[in-house]
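Colleague: This is the structure, below, for whatever I ask next.
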Amino acid sequence: MSNKEVKAALKSARDAIRNKEYKEALKHCKAVLKQEKNNYNAWVFIGLAAAELEQPDQAKGAYKKAIELEPNQLLAWQGLANLYEKPNQIDVKGDLADVYQKLLELYESGDRQKWCDVCNKLVELYHQEKKYLEVAETWQKLIRMKQEEGAEKAELHQLWKKMIQLLKDSTRNQDNKTGQLLLTAFEHALNSADVVPGEDHQNLYKDFIQCLSKFPHEVARLEKACHDMMALYPTMSYPLEVLCLHFIHSGTFSEKALQCFSRLLEMDASSGPGIIGFGIKCLKEKKFKEAVKSLTEGLQKTNQCPEAWHYLAEAQMKIHKHRNAVLSCNQALEALGTPEGPNLRWKNLALQLKAETLIKIADADAAEEAIKALEQIVDASSDPVVSALRGQAYLNKGLMDQASKISQELLLSHPDLAEAHALEGFIHYSQKNYEQAEKSFLRAIEKKAGTAEYHQYLGLTYWFMSEETKKDKGKALTQFLKAAKLDSYLGSAFCYLGNYYRDIAGDKSRARGCYKKAFELDEMDEESGTAAVNLSVELGDMDTALSILNEVTGKARPGTAKWAWLHRGLYYLRTGQPSQAVSDLQAALRADPKDSNCWESLGEAYLNRGSYSTALKSFRKASELNPGLVYSIYRAAALEQILGKYENAIATYQQILKKTENYVPALKGLGECYLMLARSALDNYLDRK
């Protein structure tokens, strides 16, 4: 076949392809290849025809042969791109990307429009594959090309915005290079905006700041962006809110951060981040109740601040609301999810705080939960404070051997750690080894003098060690006073101060003040509440006693605060107010239906009210619960006598006299009953009866 015939055959192949006669085209190409096996056009036409005949492998082989022959010719690369773009082609995206890259190289110095089209396709391909760095770098090339062509500012602005859109999901991967390209795109988009200030520009700025907040290392850039946006949009609270959340997240409470919180609250008094910031400020200033109030309010207004739950738990723990603090720690952990990076630190802090709080609750179930929380802390084994907490949890659970083992290991590895000596002290104290406990707590205080708990336990050690140390002002009293001074919310310290002033010093007035303070701090502390009421009564201050009882009963849920209902009921009984006494004593019995003394008092209240049948039932119930209550049995008999049930009364009086034969009220009642029966017999003419 001559050169002229080759050209004619190729022309026939081209015409056949144009007429969709692909098999005919293949015949012509094969004829050419018999003569010229390295004919570029023939291989390209075979590729094209085979692709149309659904023979992708043959098409691919033909295109690759053509590329091998002429690597810088466009036709084969275009054909291969068209082949890979077909929907039936699977697992060719990597190869297609390589083809697009080559096409970009070939179009670069020629057809700019086609270069842009291929560039768009390549970016779309990378985006599907979530190859965000390649997306960013390729799109930047497109923008550079447009800039070289002298594109308008508005067109470039749209291109930068498109780049932001393409990369918006890349922040999840935290790839630094991609992140930098995304932030650069934001800056270019902001600088190329037409209307400044304007709504689109404002929204773009918000997105930029939101994006910056996801990059922990871009603090300076975030702060600058927030300040720049505030300068442009002074009435918008958004940049200030982001800045406040950033300060909260980073744990930074510099003067600058505090100014930011104040400024935000001035602008928007209901802003969640602003109120949270104020709450944290209160926490740092040891205004714990105000901190709890503000943090609770702030968290109701924003769900973007898991760290605030941690601060709330910390404030709740400071005022010894331990169960509330555990709930707040759980909220923090739930909000943090499965964190990485800086959030992992917050998770560890929340777990540690949760464990500390559960240990303060001091029961076996809480101890078990504390152990589980400590096990979840990353690198917990290398932290001696966490080990000391684990030791305390084991001690609360009754696992003395494990607690002792941790204590011994810590004392050897960290002899200067206050928590190690405190743990040893807690173990000795629980075993009533008070002399050894004293030494351990003194060493703990030497290492960390500002911990109220250590002084409190040293005071308790002296209290139970001996009568001498209990009475010694320099021992128990001094330690309880130090504990109360260091932690003004430590109710148990005030309770023991009350015990000291009442039982040792004989100062009822001061004792009552301490009990009242202890009870105000912990309304579940029945011992302090009861003591405050009793001392008020002894001091003749019924107003104070009643105010305490009224406050408790006013807040009490049904079936709770038995002591307060009982005390107030007895007060009403003593002061001749039987109806109120009945009501309060019934409430006390709802809390404890098996209290025989309470039933006896209720019977007395009914009796005073004139409700004899119900009084009889109450006295009978009291004697059923406690057969040793002679008074209740006597009162039941007396009521049977009043109600004219003389034979029943006689039987009950005789029951009393079997146990206590000289019980005068029963003898008197028995005689009266016999007399009443005799009178009844005479009235009925039954003389011999």
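Glycine is treated like the rest: Cβ placed from N, Cα and C.
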Colleague: Quick one: which of 3-39, 188-224, 521-557 does TrEMBL have down as coiled coil?
Modeller: 3-39
Colleague: Are there residues at least 6 beyond the ends of the coiled coil (3-39) whose Cβ is under 8 Å from a Cβ of it, and what are they?
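Modeller: Answer is 45-46, 48-50, 52-53, 69.
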Colleague: When secondary structure is assigned with DSSP, how many helix, strand and coil residues does the repeat 'TPR' (418-451) contain?
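Modeller: Going through the repeat 'TPR' (418-451) residue by residue, I get 27 helix, 0 strand, 7 coil.
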Colleague: State the non-local partners of the repeat 'TPR' (418-451) in its own chain: residues 6+ outside its ends, Cβ under 8 Å from one of its Cβ atoms.
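Modeller: Cβ under 8 Å, 6 or more out: 384-385, 388-389, 391-392, 395, 400, 403-404, 406-407, 410-411, 457-458, 460-462, 464-465, 486.
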Colleague: I'm checking region-level scores; what's the whole-number mean pLDDT for the repeat 'TPR' (562-595)?
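Modeller: Taking every residue in the repeat 'TPR' (562-595) and averaging pLDDT yields 91.
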Colleague: Do you know the DSSP helix, strand and coil residue counts for the repeat 'TPR' (40-73)?
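Modeller: Taking the repeat 'TPR' (40-73) as a whole: 27 helix, 0 strand, 7 coil.
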